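Sequence annotations record features per position, and here Swiss-Prot assigns domain 'J' to 13-82 based on sequence analysis. Positions annotated as phosphoserine by Swiss-Prot: S8, S10, S12, S15, S151. What Swiss-Prot records for Y17 is phosphotyrosine. Among the features that Swiss-Prot reports, N6-acetyllysine is placed at K56, with the record citing similarity to another entry.
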Amino acid sequence: MADQRQRSLSTSGESLYHVLGLDKNATSDDIKKSYRKLALKYHPDKNPDNPEAADKFKEINNAHAILTDATKRNIYDKYGSLGLYVAEQFGEENVNTYFVLSSWWAKALFIFCGLLTCCYCCCCLCCCFNCCCGKCKPKAPEGEETEFYVSPEDLEAQLQSDEREAADTPIVIQPASATETTQLTADSHPSYHTDGFN
């Protein structure tokens, strides 16, 4: 069995119909009738001494499972067993995308764009490295502060000095408790009175 050639994936989408003895435009009722007839004929309980019948029964079950599922049947009719393999690997919703991206014109477009942008170096320089490592970076508008780099050591020193300054002044006021009726804007002043004390 190990020396047998692995079955290749078809793109025509007809072999499952041949397993059930049907043509490609068969209805779901035709598929059910043919499946029942062939399943009874090749069932392993009716053919205990015939291992070929068990293999044939597995093929019939597989064909029935695929052809009765509307989504899988549609994929099989369009792309064959290769489409079913792609659906299993990438999901049924991504089959069309896979075949579009693996078409000759999509590959040609990818190669053309690669040649046009010097193997995508222009895209890499402009997007990843901010136009030549920041040398061609657009200037910040007037009035806005420019960002600058702060080293981790300077940041640590700033945090420590803030902690020392905060340690010198004690906290003397408790924060106000918040409820569902607490105002979130600074315009309105909170009221600490209940309805009975108006």
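Any Cβ shown, glycine's included, is placed from N, Cα and C.
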- Where among the modified residues S15, S151 do you find the Cβ with the fewest other Cβ atoms within 10 Å? S151
- Distance, K56 (N6-acetyllysine) to Y17 (phosphotyrosine) (CA atoms, angstrom): 14
- Query: Cα-Cα separation of K56 (N6-acetyllysine) and S15 (phosphoserine), in Å?
  - Reply: 13
- Rounded to a whole number, how many Å is the Cα of S151 (phosphoserine) away from the Cα of S15 (phosphoserine)? 67
- Note on the structure: Taking all protein chains shown into account, the Cβ-based neighbour count within 10 Å for the residue listed as 'phosphotyrosine' is 20
- Message: Let me check the 10 A CB neighbour count of K56 (N6-acetyllysine). How many other CB atoms are there?
- Response: 19
